[in-house]
Amino acid sequence: MATELNPKNFPVLSYVLDRLPSFTAKSSSSSDVEPPPSKSDPSSSSNHSIEIVTQMPHLAHPDVLASMTNATADVSQTRSVLRTLGPRPDHETVDRARARLREIDASLSESFEEIALSPNDIDVAEKEQKRREAVEQEKIWYKSILKLNELHESYEKLLKEAEERLVRIYESAEKNAAAVAEEEAAEVEVNEEVVSILQQAAENPLDRVDLSGRKLKLLPEAFGKIQGLLVLNLYNNQLQAIPDSIAGLHNLLELDVSTNFLETLPDSIGLLSKLKILNVSCNKLTTLPDSICHCGSLVVLDASYNNLTYLPTNIGFELVKLEKLLIHLNKIRSLPTSIGEMRSLRYLDAHFNELNGLPNSFGLLTNLEYLNLSSNFSDLQDLPASFGDLISLQELDLSNNQIHSLPDAFGTLVNLTKLNLDQNPLVVPPDEVVKQGVDAVKMYMGKRWVSMLEEEEKMANMKDEMDQTNTDWLTRTTSKLKTYVTEVSEYLGSNPPRDPYLDQQL
């Protein structure tokens with residue numbers, strides 16, 4: 001669950017919370033914090049504890065640990081609440097909830113206008129109140145989604161703040177405040193080469209700048225003024241941010257900021273309308289800005305080796321020229337529905353993520369030639385029925401997942417020449433077919449699909465015959481009924497002589 005701490009990300013906080021019960025009154029035994037792991041438990045975090053204590057020996061001091069325990073009460077309480085409320089909704093669900101709330105508000109305004117224009121205005125206030133109450137009731141579910149997302153977002157910030165707080169407590173305990181001040185001090189290093197480049201650009205137009213491997217920690221704002229720049233290579237530096245002024249590079253075609261320490265990209269990156277190649281791999285990005293969708297000329301986007309959990313909801317609607325998308329080694333749980341609109345996409349690598357499936361729109365990627373979905377492990381269990389529509393697919397890697405059955409129309413992937421299905425609990429097709437290779441798999445799935453279609457056609461024909469039989473019976477019955485009605489009508493219309501017996505008095 002999202003509430004579980006990763007010792008690698010929060011080493012001190014994990015250590016303190018694991019030992020929290022030893023500093024808690026017996027009456028609080030119902031706390032959500034687990035007792036310290038047993039040394040005999042093979043899944044124990046004892047190795048982590050030994051490692052962190054070795055690195056930070058003062059953690060074992062009771063006074064230090066007690067101070068840290070008091071500083072983690074908010075984390076424990078929040079974690080308990082989130083465990084009750086459930087996991088964080090994905091980005092697309094949140095976006096849809098926001099959109100639905102806007103639609104509801106717009107509908108409410110229209111309702112008020114209709115009520116105000118109604119001829120009977122006596123009950124206007126009452127009608128408006130009832131409508132408002134109904135709308136608020138409808139909004140509860142969508143608001144709860146947004147609220148849950150906000151709680152999880154706040155919890156993640158809380159964890160980071162708590163970890164930093166505990167580190168400060170520890171450093172204060174060992175009287176190492178000087179190191180903290182040194183780490184927090186802003187260090188600006190712009191070497192002579194950077195200054196020289198800026199001076200050269202002021203005198204003569206530059207179309208290419210390569211500053212890779214220079215250990216740069218800062219990119220000067222002045223770079224945004226080199227308007228003739230076409231290629232900017234900042235690979236393998238120590239950059240923590242890209243200045244907003246990069247939006248001034250209106251003619252930029254290629255931007256490489258891979259292998260840095262970037263945690264975010266500026267929203268202004270969306271103003272690079274001519275950008276064709278963007279490499280942001282090997283950073284610390286958790287999201288891509290929504291504005292990246294405005295880079296409509298992008299042909300290649302490499303966002304691999306980051307901490308992304310989702311892609312922008314509308315990325316497929318606007319990046320229609322994208323041919324190559326690299327998002328492997330992230331933490332992406334789902335792909336947006338809009339990805340099906342990337343009709344130019346030929347290469348997609350999404351291995352080593354947390355994908356739990358693909359949207360039905362995925363089958364619209366009819367130009368896709370290479371697809372790697374391997375190593376999504378237990379999260380990826382099936383593929384959409386539209387998967388068979390990927391008619392241009394040549395290479396497919398589905399290894400190391402939990403797929404039990406390939407889609408029925410898999411046999412229609414006539415251009416598929418390379419297929420990896422290793423480490424899947426496949427039932428359809430059976431293992432003996434898989435071992436024979438890609439052609440055997442396609443043939444097996446193709447025959448299976450044809451058999452299914454023939455069976456469906458047979459059932460449809462039987463149904464048509466039954467319907468026809470019922471129609472014939474109904475026609476005959478209707479004909480008989482019409483004949484009977486006609487005979488009765490003729491009899492009544494002939495006015496037979498009245499029976500004298502009926503005229504007798506009782």
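Positions of Cβ are set from backbone N, Cα and C atoms, glycine also.
Per Swiss-Prot, coiled coil is recorded for 143-193.
Summarising the annotation, Swiss-Prot assigns region 'Disordered' to 24-48.
Summarised by DSSP class, the composition of the repeat 'LRR 1' (203-225) is 6 helix, 3 strand, 14 coil. Marked as repeat 'LRR 1' by Swiss-Prot: 203-225.
Look at Swiss-Prot and you will find 226-249 tagged as repeat 'LRR 2'. Secondary structure of the repeat 'LRR 2' (226-249) per DSSP, as helix, strand and coil residue counts: 5 helix, 3 strand, 16 coil.
DSSP places the residues of the repeat 'LRR 3' (251-272) in helix, strand and coil in these numbers: 5 helix, 3 strand, 14 coil. Summarising the annotation, Swiss-Prot assigns repeat 'LRR 3' to 251-272.
Sequence-distant contacts of the repeat 'LRR 4' (273-295) (same chain, at least 6 residues past either end, Cβ-Cβ under 8 Å): 235, 250-267, 301-315, 317-319, 326. Residues or ranges marked as repeat 'LRR 4' in Swiss-Prot: 273-295.
Marked as repeat 'LRR 5' by Swiss-Prot: 297-319. Among residues of the same chain six or more beyond the repeat 'LRR 5' (297-319), those with a C-beta under 8 A of the stretch's C-beta atoms are 90-92, 95, 258, 273-290, 325-342, 349.
Mean pLDDT for the repeat 'LRR 6' (320-342) in this predicted model: 96. Annotated repeat 'LRR 6' per Swiss-Prot: 320-342, in sequence order.
Summarising the annotation, Swiss-Prot assigns repeat 'LRR 7' to 344-364. Outside the repeat 'LRR 7' (344-364), and at least 6 residues removed from its termini, the chain residues within Cβ reach (under 8 Å) are 304, 320-338, 370-376, 379-390, 392, 397.
Among the features that Swiss-Prot reports, repeat 'LRR 8' is placed at 365-389. Residues 328, 333, 339-340, 342-359, 395-413, 415, 420 of the same chain lie 6 or more positions beyond the ends of the repeat 'LRR 8' (365-389) yet place their CB under 8 Å from a CB of it.
According to Swiss-Prot, the feature repeat 'LRR 9' maps to 390-412. Taking H, G and I as helix, E and B as strand and the rest as coil, DSSP gives the repeat 'LRR 9' (390-412) the counts 5 helix, 5 strand, 13 coil.
Summarising the annotation, Swiss-Prot assigns repeat 'LRR 10' to 414-436. When the repeat 'LRR 10' (414-436) is classified with DSSP, helix, strand and coil residues number 4 helix, 4 strand, 15 coil.
Taking H, G and I as helix, E and B as strand and the rest as coil, DSSP gives the motif 'GVYW' (437-449) the counts 12 helix, 0 strand, 1 coil. According to Swiss-Prot, the motif 'GVYW' annotation covers 437-449.
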Cβ-Cβ under 8 Å with the repeat 'LRR 1' (203-225): same-chain residues at least 6 beyond its ends: 187-191, 193-194, 197, 231-249, 256
Close approaches to the repeat 'LRR 3' (251-272) from elsewhere in its chain (Cβ under 8 angstroms; 6 or more beyond its ends): 212, 227-245, 278-295, 302
Residues in the repeat 'LRR 4' (273-295) grouped by DSSP into helix, strand and remaining coil: 5 helix, 3 strand, 15 coil
